[in-house]
Amino acid sequence: MTVNPAHTILWPAPHASGAVDATVHVPGSKSVTNRALVLAALASEPGWLRRPLRSRDTLLMADALRAMGVEIEEGVGPDGTGEFWRVIPAGLRGPATVDVGNAGTVMRFLPPVATLADGAIRFDGDPRAYERPLHGVLDALRALGARIDDDGRGALPLTVQGGGALEGGPVEIDASSSSQFVSALLLSGPRFNQGVEVRHTGSALPSMPHIRMTVDMLRSVGAQVDTPESGGEPNVWRVTPGALLGRDLTVEPDLSNAQPFLAAALVTGGKVVVPDWPSRTTQPGDRLREIFTEMGGSCELTDYGLVFTGSGAVHGIDVDLSEVGELTPGIAAVAALADSPSTLRGVAHLRLHETDRLAALTKEINELGGDVTETADGLHIRPRPLHGGTFHTYEDHRMATAGAVIGLAVEGVRIENVATTAKTLPEFPDLWTGMLGV
Ligand SMILES: O=C(O)C1=C[C@@H](OP(=O)(O)O)[C@@H](O)[C@H](O)C1
Ligand SMILES: C=C(OP(=O)(O)O)C(=O)O
């Protein structure tokens, strides 16, 4: 992917001179695209993805699957239907090398896939990827019969010695540091000889909507999945072995990436329309309708999409974000501009995301004059008048977009390395200036 060199230095975040009024077409969901790619690669017939997200995380996923033998053709559909990817599954094989970048979905979803390959699959990634938790997936795979060589830390870099099949069966994991451990095992589960039964044994499990997304998408390609919600035991998911269908799936807009645009309407007292907002979805970003309404906006979901309107007032909020952790940076940015304090709770695991998001938000907002303190599991934010300055992003796409939201209301904010938004939204700087008409 080409990165505009100007965006890797300091990007003057545009200041809003008035209320925004824009329609923003938000590209496809990262979480849906990467699940769809994995499921299509494991299917027994070709499948299609329409309007897939093209970003660093999803291109890494596509490249990794290609390296293991899957064919992915790219094209553009007729009549404005947008881009499509046609995924043609093949016998997975090594040797191959997978670059996970700093994509949680790639580093967690693919080691289970690699156990099904014939040959060695080596995994490597960005320095931060070495620090992000992976042990839950690796320990589980070993317990299910896989051979994995690592340096003993239960982290990247590592090599999965794919044996062409995995026995599978019941396994216990502690997924309190990432829901992606559970999703990873479930996604490949239909292809294990005995399927898989995942029992989460640790403390609270974050990001439950993302596990529901995994289950929904598995079922939509013909997998049989028993869940706590479908009458099973609490914290236990069971996937029956079986073939997966190739599907024709249109990817929903990424609702977490819609967040900065909705936030723009909220903090400027303006209006933003996001076309194709789904009426029913497992994406955690759908919770923004409720959260940003409580913070002062209002929503109307029409057949065309979501119409979100700010009132001019921005209120603080006391909210448990454990189910929707990836929304935290954007909510913190709005909270720093509110008329009352906020408490964001339930997100201790964000310390092991792209960066330590709790530390990064605290430091960067405070350096602009804010008053944020870290708690054991979140942030306490007391709004104060902010001033301009450099907002560092720590190679975290959501830090960059959070800084841009603050920049709308505060003159002189410069975002360091806005190009890091390429992880999930390479078009961010252009969409942002387009929204503002600058
Ligand atoms: O499965 C997924 O697509 C995701 C799950 C969540 O991870 P954690 O459970 O590690 O927070 C979320 O934060 C991440 O952005 C995407
Ligand atoms: C936590 C995130 O990403 P990842 O998929 O790398 O975990 C995120 O996008 O906010």
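Along the chain as shown, the residues are counted starting at 1.
From the backbone N, Cα and C atoms, a Cβ is placed for every residue, glycine too.
Quick caveat, the model's predicted, so the values are computed rather than measured.
Taken from TrEMBL, the feature active site, proton acceptor covers Glu326. In the structure as shown, the Cβ atom of Glu326 (active site, proton acceptor) sits within 10 Å of 27 other Cβ atoms.
With a 10 A radius on its CB, Arg357 (phosphoenolpyruvate binding site) counts 25 other CB atoms from all the protein chains. Per TrEMBL, the feature phosphoenolpyruvate binding site maps to Lys30, Gly104, Arg132, Gln180, Arg357, Arg398, Lys423.
What TrEMBL records for Lys30, Ser31, Arg35, Ser178, Ser179, Gln180, Ser207, Glu326, His353 is 3-phosphoshikimate binding site. Secondary structure at Lys30 (phosphoenolpyruvate binding site), taken from DSSP and collapsed to helix, strand or coil, is helix.
The domain 'Enolpyruvate transferase' annotation in TrEMBL covers 17-430.
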Measure from the CA atom of Glu326 (active site, proton acceptor) to the CA atom of Arg357 (phosphoenolpyruvate binding site) and give the result in Å, rounded to a whole number.
10
Filter the recorded positions Lys30, Arg132, Gln180, Glu326, Arg398, Lys423 down to the ones within 10 angstroms of Ser207 (3-phosphoshikimate binding site), Cα to Cα, kept in sequence order.
Gln180, Glu326
Calculate the per-residue pLDDT averaged over the domain 'Enolpyruvate transferase' (17-430) and state the result as an integer.
97
For Lys30, Arg398, Lys423, listed as binding-site residues, tell me which one has the smallest number of other Cβ atoms within 10 Å.
Lys423
Return the members of Lys30, Arg35, Arg132, Ser207, Arg357, Lys423 (the binding-site residues) with CB less than 6 angstroms from at least one atom of ligand 1, or none.
Ser207
